[in-house]
């Protein structure tokens, strides 16, 4: 799994309903948790 992500803040909403700081963080979380998380949309998830 890729674990080094930039700290640039370009938030994306994952298909799991969580907001990630950027797409790299989402991809890393999906890999580490062995789940299929995709980008639902760019920007924060609606709470």
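Placed from the backbone N, Cα and C atoms, the Cβ positions cover glycine too.
It should be emphasised that the depicted structure is a prediction, and the values quoted were computed from it without experimental measurement.
Taken from Swiss-Prot, the feature domain 'Kazal-like' applies to 1-47. For the domain 'Kazal-like' (1-47), the DSSP-based tally of helix, strand and coil residues reads 10 helix, 9 strand, 28 coil.
In sequence order, 1, 2 make up the list of same-chain residues 6 or more apart from residue 31 (disulfide bond) whose Cβ falls under 8 Å from its Cβ. Residues or ranges marked as disulfide bond in Swiss-Prot: 1-31 (among others).
The feature disulfide bond is assigned by Swiss-Prot to 5-24 (among others). Its Cβ taken as reference, residue 5 (disulfide bond) is surrounded by 16 other Cβ atoms within 10 Å in the chains shown.
For residue 45 (disulfide bond), applying a Cβ distance below 8 Å and a minimum sequence separation of six or more within one chain yields 13, 14, 17, 18, 19. Annotation comment: Swiss-Prot describes 13-45 (among others) as disulfide bond.
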- Indicate the candidate from 1, 13, 24 with the smallest number of other Cβ atoms within 10 Å of its Cβ, considering only these disulfide-bonded residues. 1
